[in-house]
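Visitor: For A:1-23, the entry in TrEMBL reads signal peptide. Residues annotated as heme c binding site in TrEMBL: A:Cys146, A:Cys149, A:His150.
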2 protein chains.
Amino acid sequence: MMKKLIACSAGLLMAGAASLAMAQVSPEDQIKFRKAGYSYMSWNMGKLKAQVIDGSVAYDQKQVEAAANAIAAIANSGMGALYGPGTEKSVGNQKTRVKPEFFTQKDEVAKVAIAFNQAANELAKVAAGGDKAAIAKAFGDVGKSCKGCHDQFRMD
Amino acid sequence: MMKKLIACSAGLLMAGAASLAMAQVSPEDQIKFRKAGYSYMSWNMGKLKAQVIDGSVAYDQKQVEAAANAIAAIANSGMGALYGPGTEKSVGNQKTRVKPEFFTQKDEVAKVAIAFNQAANELAKVAAGGDKAAIAKAFGDVGKSCKGCHDQFRMD
């Protein structure tokens, strides 16, 4: 099932430009929606960090599972469709920090996107199992894949 | 499993105010994150509308499933924690249209929140099954539950 999800996500990423033209989401809204997805994932990463890494919030299995599921489901939802033509630069009220390389280095983008999806799916899988050490490891791997993409494709 | 998820979500909603104090998410960020969650769900509702209701985009089982999963996972991720003290009004750069009643009518809020979670979980369940008529029905029910909350608790 994980393999299927990953293949699906990578496929959606690639199919992005084609499908969004038909769905008619404006470039401004595409930027808004992709930022919303990343933002919502970051909140859930913060919850996991507090409960699994820092211990600043008591570990709660249901919350940890729900947070990991939200991250994985967003990761698997085809965000590539939100990088269509016209979204290379800030538009209207929507600012973007995406680098131009994101739109030219397709193979590199696919690599980081697949790595991210794999890490997010692994996190959801181990979160359901409740093994805190495994969750901490998977959380770290997701964080690394976030950072990997930011370093390559996001401006400071 | 659906029952468990619903109970979990309702529980998280109730526990919201308590848990967020410890997680130390600023009121401004709480508003930012909750708006991000709703925004990302709305993009996925748009994809479902295009593929399942309007037919303006070709039906794609994997995309429909992924969109429904994203909506359900966000719905189940404890957004109630993003309505803590200080989030009743716009803060800093974050504007909110939440009505004051949201913070006083706890029973009503719980009712619409539970209805929303149930509808979102049902949508994810039928999306996995691939029955377009069932997905259209479940999509409509989610839309109604969104509207139900907006009518009661969101300013125009």
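Each Cβ is built from the backbone N, Cα and C atoms, and glycine gets one as well.
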Visitor: Provide the number of Cβ atoms within 10 Å of the Cβ of A:Cys146 (heme c binding site), excluding the reference atom itself.
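Guide: Excluding its own Cβ, the number within 10 Å is 20.
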Visitor: Under 8 Å Cβ-Cβ from A:Cys149 (heme c binding site), six or more apart in the same chain: what's there?
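Guide: Sequence-distant Cβ neighbours: A:Val112, A:Ala113, A:Phe116.
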Visitor: Let's check the environment of A:His150 (heme c binding site): how many other CB atoms sit within 10 Å of its CB?
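Guide: Other Cβ atoms within 10 Å of A:His150 (heme c binding site): 14.
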Visitor: Inside 8 A of the center formed by the CB atoms of A:Cys146, A:Cys149, A:His150, which other residues of the chain have their CB, for the recorded heme c site?
Guide: A:Val112, A:Phe116, A:Ser145, A:Lys147, A:Gly148, A:Asp151, A:Gln152, A:Phe153, A:Arg154
